[in-house]
Amino acid sequence: MAEVLNLESIISRLLEVRGARPGKNVQLSEGEIRGLCLKSREILLAQPILLELEAPLKICGDIHGQYYDLLRLFEYGGYPPEANYLFLGDYVDRGKQSLETICLLLAYKIKYSENFFLLRGNHECASINRIYGFYDECKRRYTIKLWKTFTDCFNCLPVVAIVDEKIFCCHGGLSPDLTSMEQIRRIMRPTDVPDQGLLCDLLWSDPDKDTIGWGENDRGVSFTFGAEVVVKFLQKHDLDLICRAHQVVEDGYEFFAKRQLVTLFSAPNYCGEFDNAGAMMSVDNTLMCSFQILKPVEKRKK
């Protein structure tokens, strides 16, 4: 395991496919990928599970293995370290290139550890990505052992980031169990995602305009929450905005509860089945938020 991690070489190979036909794979060695997992895991554990970040930064929602769209986001927002980034999870599954996607993100995490941040999504969990594509991609292109190494890394990802004490960011949403930020800080890592409770909800819950208070979630996991839950949470914790991902939205971003919550989704033409745009939210020094949109590519006539 004495392989020295040549980050520069790894990043340059991952970026070499810019402008190539979308879908061209980058085949790193298994040792290099294992090295990315181990080194990033070390950094993730050295940083808190609840990140306290400063603006300016750019926030991105689900990527789901759409590697060429991730590259488009960086073309648009600036490649690190030109801008600071926070990603809200769901890097793997469903898309064709989960490996390239997660490898580039982990490489940037290692190289720019204080300016580049990755939260955990519900797909950064073995029981989910075992089913929705990542396991199969690891097995086909490398080994099951490598998939297990990724699991060990994902189990150490942080779950919440608060930007300038005002913007609460997580993958899914709020939890009926969440009364103090200290509860989040007390979650010990490494950890799997449980079937219920605080950590589960932060990664799985959804806002819902028809819910008053807390409701059942059609996903069969966690809850839905209404606008009033958002308002009370923000007031109680002196926050301005909840920023989350986890749901496809047509324009790439969508507000809820009178603009007190925003959903971001950064994978345009999701799975090739939707005509949605992807969006990235830029937060400036004054905490003004603006959106950069990746338009969906016109569907080619078959």
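Counting begins at 1 with the first residue displayed.
In case you wondered, yes, glycine gets a Cβ from its N, Cα and C as well.
Cβ neighbour count for D90 (Mn(2+) 1 binding site) (all protein chains, 10 Å cutoff from its Cβ): 29. Residues or ranges marked as Mn(2+) 1 binding site in Swiss-Prot (evidence: similarity to another entry): D62, H64, D90.
Just so you know, the Cβ of H246 (Mn(2+) 2 binding site) picks up 25 other Cβ atoms within 10 Å once every protein chain is counted. Taken from Swiss-Prot, the feature Mn(2+) 2 binding site covers D90, N122, H171, H246, and the record attributes it to similarity to another entry.
Around the Cβ of H123 (active site, proton donor), a 10 Å sphere holds 27 further Cβ atoms from the protein chains shown. The annotation active site, proton donor is assigned in Swiss-Prot to H123 on the grounds of similarity to another entry.
Using the Cβ center of D90, N122, H171, H246 for Mn(2+) 2, the list of other same-chain residues with Cβ within 8 Å runs, in sequence order, D62, L88, G89, G121, H123, G172, L203, W204, A245. A C-beta separation below 8 Å, combined with a sequence spacing of at least six in one chain, links H171 (Mn(2+) 2 binding site) to L88, G89, D90, L119, R120, G121, N122, V159, L202, L203, R244, A245, H246. With a 10 A radius on its CB, N122 (Mn(2+) 2 binding site) counts 25 other CB atoms from all the protein chains.
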